[in-house]
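*Asks:* Handing you this structure, nothing more for now.
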There are 6 protein chains.
Amino acid sequence: MFTHNKKLQYTVRVSEPNPVLASLILEQFGGPQGELAAAMRYFTQALAEDDPGRKDMLLDIATEELSHLEVIGSIVAMLNKGVKGELAEATQTEADLYRSLTQGGDSHTQGILYGGGPALTNSSGVPWTAAYIDTIGDPACDLRSNIAAEARAKIVYERLINVTDDAGVKEALGFLMTREIAHQKSFEKALYAIEDNFPPGKLQGIPEYADLYVNASQGEGDAEGPWNAGPQWRRLDDVVGGVPVDGGDGDASVGLTRSEQSDLSSFAARTMSNPAINPRTGAELGKSGAA
Amino acid sequence: MFTHNKKLQYTVRVSEPNPVLASLILEQFGGPQGELAAAMRYFTQALAEDDPGRKDMLLDIATEELSHLEVIGSIVAMLNKGVKGELAEATQTEADLYRSLTQGGDSHTQGILYGGGPALTNSSGVPWTAAYIDTIGDPACDLRSNIAAEARAKIVYERLINVTDDAGVKEALGFLMTREIAHQKSFEKALYAIEDNFPPGKLQGIPEYADLYVNASQGEGDAEGPWNAGPQWRRLDDVVGGVPVDGGDGDASVGLTRSEQSDLSSFAARTMSNPAINPRTGAELGKSGAA
Amino acid sequence: MFTHNKKLQYTVRVSEPNPVLASLILEQFGGPQGELAAAMRYFTQALAEDDPGRKDMLLDIATEELSHLEVIGSIVAMLNKGVKGELAEATQTEADLYRSLTQGGDSHTQGILYGGGPALTNSSGVPWTAAYIDTIGDPACDLRSNIAAEARAKIVYERLINVTDDAGVKEALGFLMTREIAHQKSFEKALYAIEDNFPPGKLQGIPEYADLYVNASQGEGDAEGPWNAGPQWRRLDDVVGGVPVDGGDGDASVGLTRSEQSDLSSFAARTMSNPAINPRTGAELGKSGAA
Amino acid sequence: MFTHNKKLQYTVRVSEPNPVLASLILEQFGGPQGELAAAMRYFTQALAEDDPGRKDMLLDIATEELSHLEVIGSIVAMLNKGVKGELAEATQTEADLYRSLTQGGDSHTQGILYGGGPALTNSSGVPWTAAYIDTIGDPACDLRSNIAAEARAKIVYERLINVTDDAGVKEALGFLMTREIAHQKSFEKALYAIEDNFPPGKLQGIPEYADLYVNASQGEGDAEGPWNAGPQWRRLDDVVGGVPVDGGDGDASVGLTRSEQSDLSSFAARTMSNPAINPRTGAELGKSGAA
Amino acid sequence: MFTHNKKLQYTVRVSEPNPVLASLILEQFGGPQGELAAAMRYFTQALAEDDPGRKDMLLDIATEELSHLEVIGSIVAMLNKGVKGELAEATQTEADLYRSLTQGGDSHTQGILYGGGPALTNSSGVPWTAAYIDTIGDPACDLRSNIAAEARAKIVYERLINVTDDAGVKEALGFLMTREIAHQKSFEKALYAIEDNFPPGKLQGIPEYADLYVNASQGEGDAEGPWNAGPQWRRLDDVVGGVPVDGGDGDASVGLTRSEQSDLSSFAARTMSNPAINPRTGAELGKSGAA
Amino acid sequence: MFTHNKKLQYTVRVSEPNPVLASLILEQFGGPQGELAAAMRYFTQALAEDDPGRKDMLLDIATEELSHLEVIGSIVAMLNKGVKGELAEATQTEADLYRSLTQGGDSHTQGILYGGGPALTNSSGVPWTAAYIDTIGDPACDLRSNIAAEARAKIVYERLINVTDDAGVKEALGFLMTREIAHQKSFEKALYAIEDNFPPGKLQGIPEYADLYVNASQGEGDAEGPWNAGPQWRRLDDVVGGVPVDGGDGDASVGLTRSEQSDLSSFAARTMSNPAINPRTGAELGKSGAA
């Protein structure tokens, strides 16, 4: 069960309203690398988790991410505080309001549609979607997903810090960025505390394909590194000559009943593109001067 | 530039049509952990990449994933081959067709809307979306995302193998699953070949928050492990007492102009929910017997 | 700031696993009328709210909805507990697993893609989207939206109760349903404690159109009631004769520069569908026997 | 059956093209509070409705909203009329066209992708989705949803009026805004003409939870009002001590077969994050200077 | 302006409720090839259209498609009429209701979430999206899109007719299918009445690339037909040898300032995946038995 | 199977970085008329295709479109090359970076979220969705869809050419535009090489409705042309008088069991909006001065 205390985890001091900056910062409120995505990623994992250590850790971090959602949302709310009142009370001229809403970013939609409140969209106004969440219910995968997600969130905070010169905003973003680093460390520990975590799952790979590197892109720029060269790798350079790798005919086939075959034959005959004719086409009808 | 050879990378031999199984397997064609997501994740990274080794590797693997998209799509096409002809030619009774399309999974939509062709949806019919792609243009993040994505794809293949008893399908899925293991290895090598990859990015974290563990979820079930205990961690258990962590007042504030303040005051006054009255409400009007 | 206690707000006792029922109940986990939508609707309102009473109420209820998200997610996790282990360990035959996943609802995707964990989708597998949230930052609107949302959530719980005969599930759903009733009451009180809440906003309507009822649908079935008849209403029955209601010409016009007019004329001339000819078309080319 | 008359319900007189303003106004064409959402909300309700009075009212208002969609779409078309011709005929320099399309809002996409025609997107270019429609097929809910939707649409019109100084646009928006007020009145009458409309549905709430207020958010800012205080409310302040409210153990449980338990145990053992070790992790490998 | 008459354009006589069939038929209510997509495709075109003949035709057909939306929605409403009452009144046992909702298709969501009303989703429950609409504001394109859309809608109706043995449903679907044929004819006439409609737009293609066929897929199965062979085509078979077709170096380049170059160099150096080392990786740490 | 060569199909020479232009050009990378949509439209068709000529053509063109995706993505990458380094290395002031990211278009999101890499979104930042793909598995439909799609892509390229004065960008866009013309020709040939392609499918239309034109939109502006007049058309002008066209009663009906009827009656009685009363409503409670 969740409870809430009205203090923020980190104090938010914004120097002055700036709806364009607000719209950039939405990236971490309702964007793919933002705090709702983080909270929901870990919370959904926690609900299905049976390992006591991981379950506790996932609940701890999910809960903290909700508190970060509150911090980042409060920054957005402060940055939009000016436009909120102006749009509701309309004491400025229309032209002034129009100008203040069309200076850049996605601030126009934040004002007109959301009235200056923080909306669960990214910086382009795209509504948050659970398609951002990659939880699949296997810990050796989900922890890797969490590690990657924390790394991404760290960088988006870094970019926001780089474009902001409001000292209070910068400071709060720095705190949030640092917490992603700490969370990544926790998830790393939990992953490697699974003593047999690679490959994930129970099935082992088929040996002949597990150390094969397919050099599918060739030409100037072909390069070597530990990811495709060295004793552990078998490398396939004659890619076309080497298919199919299973030694079969490289076709797709299926066993069909006579009735299924008959239907498919009828369909094929009825819809054949006859290669032997050169039909007059709509494009030809549509060319200037065609009759 | 891409080229194509009509042989598949792995031969597809399906024993008989099965549109329900086809709809399950769509998960790896147009689902979030599927082959299009993989190909596009690596391809978008490759286009912006300036590191020659990684660029080559990303192009190699992106290209191979397109070939896997072809293999998995061919399996789906074979499994739907029966319904494709039956629906087009309608030589069966309506009741038989109705039954064959409503046996489970998402096979009804695959037949009615897509005519038995493999559609870029997941197993529930949700259209593929680029929201699945988590590329952010930083190699220390993107490689971690790739490692996690390969791990997830491996597990979804494992689950599909576990529910399929068609030997040819099982074999092709086993090949595809193994290739995800190999790709994960390549991405791991490329990540750790970045000699300073943690934390990602250029900014370091703020020391006092980088080793802090916030025990935000408490009660029976609280646990310890290397992710929150040991010499590297400072642990915050008095979570409420400890906020805000920065020692400020834990509020959000913004500097406003007099005019902005005035508008906000007017708005507040006009829309105050007066705590001192007990208004009659719509719910009360709506109760049975209310007059 | 949020904190979490590991006890649920309401004890969840599920009699036996049932992945199909799990997929139905997802409607209230990741569906449009579900608990995440509720929590986020109130939380986003709270962040921008300046009225102290409403802000407190919105935070109270948002926080409770997160606890409900945990209860409903725990029900789903329990109902999927069987399939979770079976799919990971694969100790059953493939055919048994296939059957258990294709019995109905969206259980196949819940198993294959999410591994039996509760996913933020509705009962059809559609990922949760912030498009479900109708917060617009005006309290006289947002409270009405909240009232309606609580009413809808109440009914979806009622329907789920009606299809479930698992006593423990039924009991927990009954608790959750009742809390929606209580929340609706709170929102009603807060709305009507705004002493001037209709029409919402600052601008009054134009008197001649504010009590007009347009009888736009006519024919057998035309009916009268307090919504369109009685002293308060002026009713327009000659709908076509009555347009435009402003007495203008009913056209759309815009002032254009000479250059803009010239471009539009060129475009129009270049792309005119000439009414004076009867062209041969692609459809005619494509008719059987056309030459 | 629908019919159409070429006159608009309200005459549209736009003073001059302005693609940025056009993109703001799209909010009411293809946005969540816009006219298509309104029309489809009422139309889908009407189709399933068996109450003759409501069915007629819903069809009347749905039809009128389609006429409003036409008015608002005509405003957008007029505001985009300049860019439409310029982009098609390209008689200006590229630099002039580039400038006219990148002045703000979402006008660039409206020009490049939609050629200046009104597109069913909101002001950020997000395509309209039926996820905006909250119809659930219960009149005591759907009418409340309609009331709230009309209130929201009223405010979005008010905001658009506040940012526009084109007199003709302002006038037409004022008409549309007023009609939302009138529609809200009709829906209010229809709701309260259901003599027992609260709580919606057939099931009553469980008495002990129906008047309970959970003070889930605490700290400075806690407030009282008719929504949580007074004789009708029982208030729970010791939130953590009070869970679970049912007096159970606050855990989630499910009855499992022996085989299910066995699979889960195997899975748990195989994937345990061992709390007793302090593993070396990827993050440690990736730190600068790590070997 | 739209008006509505309560008679349907075609009488709907459904023999008995069938929620599974209802969910299949939703394909033409809220699916990509359905009637809302058709109505909105033509309506958005009409609003921006300046050609009087096409504008009238587009309004005629858009309006008729709304009437078809009503017919198809009425079929769905009738097929769901049984479940609507049962779910609301709950006079059956829970088990009976559960069974009736989980027989296949997407009927469970239609019942639980939408209460048996027709929802703007496809047959898988995917909400309708304006992403289905391909209007771009050029008549030579939009008419081609309309022709294709009518063809697709015709086929989806044909498939639905093939799976339905309810005579009344079949008859109404037959009417709707036929109207798509008639609409396609109208759009064909309007397209070819543009006397110079190919290529669409004002710019001509670059001659050397306009008749080139790139044989990008090779191997067994290479075929010839009028689409790639004959006097009008120049064919490129040596695809790799022939790139880049412009005779340049086939690379991508951009002019950068010194400062931009410097930043990119720093970034590259900082994040180089060093090809000369063979780093120990997370995957190696995670292998069973790794220390 | 796909292979890749590192040379581009067309050399990309960009004069200088321009993130705003980059965001416009994204329309053809991840937008609805862009190259991924094209590639996936043809590739999904190819997988299910049994006609050897079409299968080969679809694979050829799908593969070439992937090469075009690479060209257009490379243009975007070059245009964003400046911001990529600046944001990662942060050697400029925050204010300079802020300015460079908020100059227009969607460049702010491209920088902050995607780090300057080409993302699979359109020019407004909307993620690519498979909802753009209209493949339905019938060649007489799919080829028409392809023809229309090529026409639309041609026009979007034309518009981009019209707003760009970078010579290298213009040249590459001209090449890509021309290829769409060539592809349209191929698809036209393949369509008309189906000797009986209209109407698509196997079922013929009902004669009395196949040549009927419904004049559903009336009033000033009614027009005639070959699409609604001439010997081939029967025209219905008395639209309201003429419904239902089948001579039935124009109602929707369904056969119900006694139990279903009883439930519906109970539901109707319970939720009747009583037309005979004039209830006091929430709107009246909410009016200023209401008691």
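Every residue, even glycine, has its Cβ placed from backbone N, Cα and C.
TrEMBL lists D:E35, D:E65, D:H68, D:E150, D:H183 with the feature Mn(2+) binding site. Here TrEMBL flags D:D56, D:D60, D:N215, D:S217, D:G219 as Ca(2+) binding site. The region 'Disordered' annotation in TrEMBL covers D:247-291. Per TrEMBL, compositional bias 'Polar residues' is recorded for D:256-265.
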*Asks:* Checking distant contacts: for the compositional bias 'Polar residues' (D:256-265), what same-chain residues at least six beyond its ends satisfy Cβ-Cβ under 8 A?
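*Replies:* For the compositional bias 'Polar residues' (D:256-265), the far contacts come to none.
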*Asks:* So among D:E35, D:E65, D:H68, D:E150, D:H183, all listed as binding-site residues, which is physically nearest to D:N215 (Ca(2+) binding site)? Use the C-alpha atoms.
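*Replies:* Of the binding-site residues D:E35, D:E65, D:H68, D:E150, D:H183, D:E150 has its Cα closest to that of D:N215 (Ca(2+) binding site).
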*Asks:* Quick check: with D:E35, D:E65, D:H68, D:E150, D:H183 left out, which same-chain residues have Cβ atoms within 8 Å of the centroid of the Mn(2+) site Cβ atoms?
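*Replies:* So the additional residues around the site are D:A38, D:A39, D:I61, D:E64, D:A153, D:L176, D:R179, D:E180.
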*Asks:* Check the Cα-Cα distances from D:E35 (Mn(2+) binding site) to the binding-site residues D:D56, D:D60, D:S217 and tell me which is shortest.
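*Replies:* With Cα distances computed to D:E35 (Mn(2+) binding site), the winner among D:D56, D:D60, D:S217 is D:D60.
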*Asks:* Which of the binding-site residues D:D56, D:S217, D:G219 has its Cα nearest to the Cα of D:E65 (Mn(2+) binding site)?
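*Replies:* Nearest by Cα distance to D:E65 (Mn(2+) binding site): D:D56.
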*Asks:* Spatially, and counting Cα to Cα, which of the binding-site residues is closest to D:D60 (Ca(2+) binding site)? Options: D:H68, D:E150, D:H183.
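*Replies:* Nearest by Cα distance to D:D60 (Ca(2+) binding site): D:H183.
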*Asks:* I need the CA-to-CA distance for D:H183 (Mn(2+) binding site) versus D:S217 (Ca(2+) binding site), whole Å please.
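*Replies:* Computed Cα spacing between D:H183 (Mn(2+) binding site) and D:S217 (Ca(2+) binding site) is 37 Å.
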*Asks:* Out of D:D56, D:S217, D:G219, point to the one nearest D:H68 (Mn(2+) binding site) in space (Cα versus Cα); all of them are binding-site residues in the record.
*Replies:* D:D56
*Asks:* Rank aside, I only need the closest one: which of the binding-site residues D:D56, D:S217, D:G219 has its C-alpha nearest to that of D:E150 (Mn(2+) binding site)?
*Replies:* D:D56
*Asks:* Using a 10 Å cut-off on Cβ-Cβ distances across all protein chains shown, tell me which of the binding-site residues (D:N215, D:S217) has the largest neighbour count.
*Replies:* D:S217
*Asks:* Listed in sequence order, which of the binding-site residues D:E65, D:H68, D:N215 sit with a CB under 8 A of chain C?
*Replies:* D:N215
*Asks:* Mind checking how the compositional bias 'Polar residues' (D:256-265) divides into helix, strand and coil residues in DSSP?
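*Replies:* For the compositional bias 'Polar residues' (D:256-265), the helix, strand and coil counts are 8 helix, 0 strand, 2 coil.
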*Asks:* With helix taken as DSSP H, G or I, strand as E or B and everything else coil, how many residues of the region 'Disordered' (D:247-291) land in each class?
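*Replies:* Final tally across the stretch: 17 helix, 5 strand, 23 coil.
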*Asks:* Quick check on the binding-site residues: of D:E35, D:D60, D:E150, whose CB has the lowest count of neighbouring CB atoms inside 10 Å?
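*Replies:* Per-residue Cβ counts within 10 Å for the binding-site residues D:E35, D:D60, D:E150 bottom out at D:E35.
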*Asks:* Under DSSP, is D:H68 (Mn(2+) binding site) part of a helix or a strand, or is it coil?
*Replies:* helix
*Asks:* Below 8 Å between Cβ atoms and chain A: which of D:E35, D:D56, D:D60, D:N215 make it? I'm asking about the binding-site residues.
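*Replies:* Among the binding-site residues D:E35, D:D56, D:D60, D:N215, not one has a Cβ sitting under 8 Å from a Cβ of chain A.
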